Amino acid sequence: MSPSAGLQFSLYFLQTKKVLWKLTDKEKGLCYILLFTLCFFADQENGGKALASPPGIWKRADVTFDSNTAFSSLVVSANKKTVKNVGVPQVVPDNPERFNSSPCVLGSPGFRSGKHYFEVKYGTQREWAVGIAGKSVKRKGNLMLVPEERIWQMGLWWLRHLETDPGRVHSTSGKITVFVDYNGGNVIFDLNRINTTLKANFNGEEVVPFFYLGGTVSLTTL
């Protein structure tokens, strides 16, 4: 069984432990076997990954990076589908749209209604975050990656939380999918086939894809 199904089994166990403790040892054993089997088959039916897609119909967004907003050490590819932190400030104009203190970049298109999603490929590097931000997000000065700053994000920090050692660097590449339910006020992240939902109050403001790249990180939109 793949690690994702094993993790899913653990999560189901934690969610049902309040019921399981009331059962006899024999009944508990049967429940454990049933949960394990269900997770295994869910894993196999989705090509070795536990199912974790949010319900509903979502419109795929073809996201590109906006080089006019990119921090000086972030280099956007010619096709605007990849961005890399080269670690050295480049000579770029300090226009009002550009982040000047935090290694961030925004993307397009923006969203004002409906249900949308976009996918981003990440590598083995550390310190990155992907999400959305209000179009009015602060560009100058230090930036906190929190909803109070109009930013809803998920990234390597969450992956570290899943590890036994909180300081251990995640060593595999993968994909993160961001679902934006504008009217419902939800931002849903599918990372490692586990969904995490953040409640959001957009206040009618347009929101755009948001990316943070610390260290020598590169991200590619799919």
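Yeah, the Cβs are placed from backbone N, Cα and C, and that goes for glycine too.
Here is what Swiss-Prot says about this protein:
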DOMAIN    53-159  domain 'B30.2/SPRY'
CARBOHYD  Asn195  N-linked glycosylation site
SIGNAL    1-44  signal peptide
Composition by DSSP (helix, strand, coil) of residues within the domain 'B30.2/SPRY' (53-159):
10 helix, 37 strand, 60 coil
According to DSSP, which kind of secondary structure is the residue listed as 'N-linked glycosylation site' found in, if we only use helix, strand and coil?
strand
Determine the mean pLDDT over the domain 'B30.2/SPRY' (53-159), rounding to the nearest whole number.
93
